[in-house]
Structure formats: C-alpha cells, structure tokens
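Colleague: Grabbed the feature section from Swiss-Prot, which reads as follows:
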- 1-46: topological domain 'Cytoplasmic' (TOPO_DOM)
- 1-40: region 'Disordered' (REGION)
- 8-22: compositional bias 'Basic and acidic residues' (COMPBIAS)
- S25: phosphoserine (MOD_RES)
- 73-296: topological domain 'Extracellular' (TOPO_DOM)
- N130: N-linked glycosylation site (CARBOHYD)
- N136: N-linked glycosylation site (CARBOHYD)
- T203: O-linked glycosylation site (CARBOHYD)
- 210-271: domain 'Thyroglobulin type-1' (DOMAIN)
- N256: N-linked glycosylation site (CARBOHYD)
- 263-296: region 'Disordered' (REGION)
- S281: O-linked glycosylation site (CARBOHYD)
- S282: O-linked glycosylation site (CARBOHYD)
Amino acid sequence: MHRRRSRSCREDQKPVMDDQRDLISNNEQLPMLGRRPGAPESKCSRGALYTGFSILVTLLLAGQATTAYFLYQQQGRLDKLTVTSQNLQLENLRMKLPKPPKPVSKMRMATPLLMQALPMGALPQGPMQNATKYGNMTEDHVMHLLQNADPLKVYPPLKGSFPENLRHLKNTMETIDWKVFESWMHHWLLFEMSRHSLEQKPTDAPPKVLTKCQEEVSHIPAVHPGSFRPKCDENGNYLPLQCYGSIGYCWCVFPNGTEVPNTRSRGHHNCSESLELEDPSSGLGVTKQDLGPVPM
C-alpha cells in the first residue's frame, strides 16, 4: 500500500515538475529571444553610418575637384580681360595725344561750321601772349610751330629752376597728360644715354687760326737762302719794315701785308711817316692829302 501511495504521489508530482521545467525553459528563452533581434539592428546602424560618411567624403572631394576645374577654366577668361583692359588703357592714352591738324579741304567737307568766324565772346579768355617775340633758340622755334598749329594754346610760365618747373608741371597737369609726359621723358633719357658714352673723352683744343703772315712764315724754313721770309709781330700782323735779305732791298707795308708804294729801296726806311701819309684802308698808294679835308 505504501508503494502504491508513493507511486501515485510520484505520478501526481510528475506533471508539476514538467510544468516547472517548461517555465524555466521559457524564462531562459525569453531573454535570448529579446537579444536576437537587437544584434542585426546594431549592425545595420553601423553600416548605414559608414555608408553615409563615405558618401559625404565623396561629395566633398567631388566639390573640391569641381571648384578647381571651374577656377582653371576662369583663369583664361581673367587673362583675356586683363589684356583687353590694358589695350583699352593704351588706346585711351593714344587718343589723349595731340593729333596733327587736318588739311583745310577735309575740314571743310567734314565740318563746314568750323570755317565760319566765331564771335569774340565765344573764344576762351586767357592770358594773351605775343607770338611775334621769338628768339633763335630751339624752344623758340618749337613755340612758334605750336602757336601756328593752335594759336589759342596757353603755356604756363616756367621761370624757376628745372626741378621746380617739373614739380609745377606735375601739380598743374592732368594725370593722363602727366603720364604721357613721363613716358616721353623716359624715352628721351634712354636716347641721351645711348647717344653719349659714359667715358669722358678729353676734348682737343681747337686749332689756332694762322694769320696771313704766320701762314707764309710756316711755309718757309728758318734757313732760306735766296727766298723772302716775312716778319710778323706778336699779333700775327706784318711788321711795318720788310726786307729781302739776299738782294738788300727793303720796303714798308701795312699791317695786312700790302706794300706801301714808292718805298722799295736799298737800306732801312722810317716806315712810320709813310704809313701816316698813306690811307691804310686801301693800301693802293692813295694819300690822305689827295683825298682832301674830311667834311665835318
């Protein structure tokens, strides 16, 4: 009986134990079931993050490459714009330069009104300059030429030193005109530097001009047997008494070498009296007594 009771008790307890096992197994499986869906979700979020970061980096690199290409393409256009701007500036400077006057026939055909007489009130008022007072210097000729081309052109009075005049011109001229003037001065300086060498060459003294007496003496040697050699004073004029040593004849002459008539003879003469009687301007033997008294 006791065995039967114990067996029945075991059979009654068996379903209870099975239920407990099922509960334990279910409790163990519930956390695992809660964990299984979380693992793939975390993996998907990491993959999406990596993908988004790589796409962002790719877009940044592509943007930088596009910007560099755009700047490279625009560089050529900027160079063309710079060249065009420089050409326009040069053309503007060229238009500012003074132009030569047109022929009268062309001016009549193009603008006939310019040939009509203008009233005096319409002319610009300014300091009038006397265009007839010109010297023989280079600037005088240039001034005369410019006045003929444009009689109404007014030139500032430049009476200071050279640096002061340049400063005055820089302060009074317009910017474009001063730039043109600076360019001209630059080319003029290059021309002067190329024309003159840096080494100062010693300048030779100009040859001394010989008088008639000195020239005759230079052609005759000091020892001159049988030839006439005139005598000159310190100024190069002929001495009043000239002698031919080989034949012994002497005569009187004027300072220019003209012989006084009727003075040739042997021996020495007093040429001062002969020169007073003769007219030194002619040298042809005409005496002052023959000319008569000089009218007062």
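A Cβ is built for glycine as well, from the same backbone N, Cα and C atoms used for every other residue.
Given the structure is predicted, the values throughout are model-derived calculations rather than measurements.
Describe the structural context of each listed feature in the structure shown, including burial, neighbouring residues and relevant distances.
Modeller: Here the topological domain 'Cytoplasmic' (1-46) returns a mean pLDDT of 57 for the predicted model.
Annotation note: N256 (N-linked glycosylation site) sits in a coil segment as assigned by DSSP.
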Colleague: What does DSSP give as the helix, strand and coil breakdown of the domain 'Thyroglobulin type-1' (210-271)?
Modeller: 8 helix, 14 strand, 40 coil
Colleague: Specify the count of other C-beta atoms within 10 Å of the C-beta of N256 (N-linked glycosylation site).
Modeller: 13
